[in-house]
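S.K.: One structure is given below, represented as structure tokens, and several questions about it will come after.
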Amino acid sequence: MSPEMQNKLNNQIGMEAYASFLYLSMSVWCDYKGLMGCARFLKRQSAEEHMHMMKLVEYVQEVDGYPSIPSIAQPPGDFKDIDTLFQEVLGHEKKVTRAINDLVEFSSKEKDHSTYNFLQWYVEEQREEENLMRTILDKINLIGDSPQKLYYIDKELEAINDSVESGGA
Ligand SMILES: [Fe+2]
Ligand SMILES: [Fe+2]
């Protein structure tokens, strides 16, 4: 693996770690607001991002590189409302997708087939995560503005939690 490729993968380690902390911070906020379904959802997303980070660390080790473990920027701790929060999640996922696409392009340019192959898992993961976040935003839109809005949103998130945890998507 070239030093540039290793640097780029190391940057991605930082990006996944930041996503993990961002979603954990969002989960804490939701818990505080009594949105327990949203909190549980985001806590699981946080654990997923940690797993994405670990997969990168282990890959770099496997190809005899040296993963660098970065410091993580402080994520925001306060959020305007639940709509904005999930829009921010989708926005962040889109940013990660662009970063993964850049990595894929670079690995292909370098003829680094092993890394190219490894990254395909992330390509698929990003498609799934963006799709899931869009589904949630669609539901939030459908619920619209009603006095029980937060109750229904949290109920939808609980339904998604149950479906994901029972092995669905
Ligand atoms: Fe990720
Ligand atoms: Fe993600």
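Every residue, even glycine, has its Cβ placed from backbone N, Cα and C.
Just so you know, TrEMBL annotations are computer predictions that nobody has curated.
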S.K.: If I go by TrEMBL, which of Glu93, Glu156, Glu158 binds Fe cation at the same site as Glu16, Glu49, His52, Gln126?
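M.R.: Looking through Glu93, Glu156, Glu158, the residue TrEMBL assigns to the Fe cation site is Glu93.
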S.K.: Identify which of the following binding-site residues, namely Glu16, Glu49, Glu93, Gln126, place a Cβ less than 6 Å away from any atom of ligand 1, and list them by sequence position.
M.R.: Glu16, Glu49
S.K.: Could you give me the DSSP helix, strand and coil counts for the domain 'Ferritin-like diiron' (1-144)?
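M.R.: Output for the domain 'Ferritin-like diiron' (1-144) reads 116 helix, 0 strand, 28 coil.
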S.K.: Limited to the domain 'Ferritin-like diiron' (1-144), I'd like the whole-number average of pLDDT.
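M.R.: That stretch averages a pLDDT of 97.
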S.K.: Let's check the environment of Glu16 (Fe cation binding site): how many other CB atoms sit within 10 Å of its CB?
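M.R.: So the number of other Cβ atoms within 10 Å of Glu16 (Fe cation binding site) is 21.
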S.K.: Which binding-site residues from the set Glu16, Glu93, Gln126 come near ligand 2, judged by a Cβ under 6 Å from any of its atoms?
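M.R.: So the answer is Glu93.
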S.K.: Output, ordered by sequence, the same-chain residues six or more apart from Glu93 (Fe cation binding site) with a CB under 8 Å from its CB, or 'none'.
M.R.: Gln126, Glu129, Glu130, Met133
